Amino acid sequence: MTNITIVWLALPFFIGFVIYLLPKLARWLALGIALVSAAYAVQLFLDSSPLNIQLLDNFGVTLIADRLSGYFILTNAVVTSAVVFYCWDSGKTAFFYMQIILLHGSVNSAFVCADFITLYVALEVISIAAFLLIAYPRTNRSIWVGLRYLFVSNTAMLFYLMGALLVYQAHHSFHYEGLRGSPPEAVALIFLGLLAKGGIFVSGFWLPLTHSESQSPVSAMLSGVVVKAGVFPLVRCALMLEEIDPIVRFFGVSTALLGVCYAVFEKDTKRMLAFHTISQLGFVLAAPAVGGFYALTHGLVKSALFLTAGILPSRNFKELQHQPLDGQIWLALAIASFSISGFPLLSGFGAKILTSKNLLPWHVISMNIAAVGTGVSFAKFIFLPHDKLSWNRDRVANADGETREQEDGRKKLQPGFWWAIFTLLGGLVVANIFYYEAYTLTNIIKPLVTIAVGWLSYLVIFKKAVLKLPNQTEKFDHLIGVMSLMLILLFWTIWTRTQGYALA
Amino acid sequence: MLLEAFVVGTILCGFLGIIFKKNLVMKIISMDIMSTGVIAYYVLIASRDGLYTPIIDRTKDVNYADPVPQAVILTAIVIGFSIQALMLVGVMKLSKDNPTLETSAIEENNTP
């Protein structure tokens with residue numbers, strides 16, 4: 001198993017460069033890598049004992065592969081394959097697929113590593129690959145958005161490196177467990193890096209612009225898996241060290257509320273999805289023990305929504321309300337929205353139930369508010385006007401050719417899009433098997449009430465609301481400046497906690 | 001202790017430079033200064049127990065520097081250097097339409 005893990009980790013990087021040599025095979029190779037990862041994740045689920053690997057010597061690379069990593073790796077595999085399907089006929093160059101695969105590989109290594117330096121390398125490779133993907137269209141805007149992303153993440157990672165060094169100084173090891181007994185400033189610096197990278201709480205304000213201005217497949221990758229590379233180590237640390245756990249949960253709850261506050265007032269589809277990603281990462285962190293399953297469902301839904309939002313005729317909700325959507329596209333949107341709001345039959349339901357069972361008592365109210373907010377945000381999609389569903393309309397459209405579609409002014413949909421959506425939404429239904437115990441009467445009633453309250457408040461209040469929250473906080477200088485504030489906040493939280501532990 | 005203060009001072013200078021410098025290239029240079037500070041910090045911690053290059057020599061009985069932080073920071077230097085190269089290429093592209101490279105102007109032009 002050790003050898004398999006190493007081969008599996010190295011394969012994407014090897015194939016990534018092979019893609020560049022064999023551009024004709026690019027799509028097939030990319031898809032193959034995603035399937036290999038999926039197979040590896042399944043293998044992790046079948047294996048009950050976690051796999052601990054210590055490479056080289058005492059100071060070498062440490063890896064931990066268990067079910068938690070399995071969930072994240074599976075998310076990565078499914079999202080990557082959906083993105084490859086989506087781009088199948090879009091004429092993307094081999095360079096694009098190469099970056100997708102390098103990104104896939106580095107995210108995978110972030111999901112199995114267990115020491116701070118391996119994680120650092122993985123996160124930096126992620127930044128570079130993500131930058132190249134964001135800047136793929138080569139327009140000024142895309143380059144600026146990419147540069148901004150690279151700047152924020154690199155500055156955060158410099159703080160992180162300092163923290164890693166302080167951990168090493170205390171324990172002569174870079175292992176995650178070294179966080180226990182390290183000075184508070186070490187924990188604060190490492191957390192600053194990870195929070196900024198994962199888009200959590202106020203250090204996550206770089207995320208909306210980056211995710212909304214990228215091309216849809218790239219947004220899907222970024223929102224679906226890449227931010228989770230920053231969140232996963234936090235979850236892992238929270239599970240390993242019980243004194244870290246309350247801090248992680250605290251940031252989880254605050255980011256869930258913050259993200260959803262912005263999401264309900266947002267008028268732009270992709271920005272709304274991006275803000276909602278921030279809030280959902282909070283759900284993952286609020287219950288670290290079951291975060292894996294939540295991350296899986298969220299990754300699938302969010303990439304499906306980003307891919308679908310990319311083909312809508314407009315990005316503005318106001319305009320969309322006057323333009324009936326194609327029935328099938330609406331159906332895809334609605335299924336994804338239902339899942340993320342926690343509607344039974346889709347695995348978002350199981351994930352929500354599981355998370356709410358693992359919350360701390362005083363977090364429950366805030367998380368319920370966040371769940372209602374989710375209902376409100378996605379009511380925007382569900383209540384969009386749309387054509388009637390009729391399954392043979394497709395044939396009619398094909399029969400009289402493209403003239404009809406030009407009349408409609410709609411983009412021609414590639415079959416790849418439907419492949420991608422089927423993969424993601426199918427994954428959502430299948431993922432129910434991970435937690436089928438959720439289906440009891442009381443469990444079913446609660447999310448239905450939450451959704452009903454959300455929809456009602458959407459129709460009554462938020463549909464007409466014109467409040468626009470200022471986006472001053474997303475200015476570049478503020479993004480960097482906020483890091484210093486976060487550092488003080490983190491230091492203060494951790495310091496008071498460790499004092500409490502020392503006294504107890 | 002004094003050296004540590006200098007190192008932290010360098011990191012802080014770099015960080016403040018990223019915030020307060022207006023020009024994009026200056027921001028990148030500030031980031032370089034910050035990463036220089038971090039690298040120096042690693043080297044400093046590595047030399048806590050000894051200053052000699054960690055190559056074992058049986059004839060001498062000296063205190064060696066800790067090789068682990070040095071090895072680690074070597075990786076970080078390479079990564080930092082490649083990121084900087086990438087950023088400068090991006091800035092070159094941007095400079096065609098924004099010759100002054102004022103961050104606020106670029107931001108205004110490129111935010112929806």
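We count from 1, first residue shown onward.
Note that Cβ sites are derived from N, Cα and C of the backbone, with glycine treated the same way.
Going by TrEMBL, these are the annotated features:
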type	residues	note
DOMAIN	A:115-374	domain 'NADH:quinone oxidoreductase/Mrp antiporter transmembrane'
TRANSMEM	A:6-22	transmembrane segment
TRANSMEM	A:29-46	transmembrane segment
TRANSMEM	A:68-87	transmembrane segment
TRANSMEM	A:94-111	transmembrane segment
TRANSMEM	A:149-168	transmembrane segment
TRANSMEM	A:221-241	transmembrane segment
TRANSMEM	A:247-265	transmembrane segment
TRANSMEM	A:272-294	transmembrane segment
TRANSMEM	A:362-383	transmembrane segment
TRANSMEM	A:416-436	transmembrane segment
TRANSMEM	A:448-466	transmembrane segment
TRANSMEM	A:478-495	transmembrane segment
Fill in the blank from the handout: Among A:6-22, A:68-87, A:272-294, A:416-436, A:478-495, the most Cβ pairs under 8 Å with the transmembrane segment (A:149-168) come from A:478-495
Handout entry: Closest-packing stretch to the transmembrane segment (A:6-22), where packing means Cβ pairs under 8 Å, from A:94-111, A:247-265, A:416-436, A:478-495
Key = A:94-111
Exercise for the section: Return yes if the transmembrane segment (A:94-111) and the transmembrane segment (A:29-46) have at least 3 CB pairs under 8 Å (sequence gap of 6 or more), otherwise no. Expected result: yes
Completion exercise
Near the transmembrane segment (A:29-46) in space but 6 or more residues beyond its ends, with Cβ under 8 Å, are 4-5, 8, 11-12, 15, 18-19, 22, 65-67, 69-71, 73-74, 76-78, 80-81, 84-85, 97, 100-101, 104-105, 108
Exercise for the section: Could you pull out which residues elsewhere in the chain have a CB under 8 Å from any CB of the transmembrane segment (A:68-87), counting only those six or more residues past its ends? Expected result: 27, 30-31, 33-35, 37-38, 40-42, 44-45, 96-97, 100-101, 104, 107-108, 111-112, 216-217, 220-221, 224-225, 228, 232, 235-236, 239, 291-293, 295-296, 299-300, 303-304, 307, 416-417, 419-421, 423-424, 427
Fill in the blank from the handout: Lying 6 or more residues past either end of the transmembrane segment (A:448-466) yet within Cβ distance under 8 Å of it, the residues of that chain are 264-265, 341-344, 368, 371-376, 378-380, 382-383
Fill in the blank from the handout: Residues outside the transmembrane segment (A:362-383) whose C-beta sits under 8 Å from one of its C-beta atoms, at least 6 past its ends, are 249, 253, 256-257, 259-261, 263-264, 266, 269, 272, 276, 279-280, 282-283, 286, 305, 317, 333-334, 337-338, 340-342, 352, 355-356, 447, 450-451, 453-455, 457-459, 462-463
Fill in the blank from the handout: Given the transmembrane segment (A:478-495), its same-chain partners at Cβ distance under 8 Å and 6+ residues beyond its ends are 148, 151-152, 155-156, 159, 184-185, 187-189, 191-192, 195-196, 201-203, 205-206, 247, 250, 472
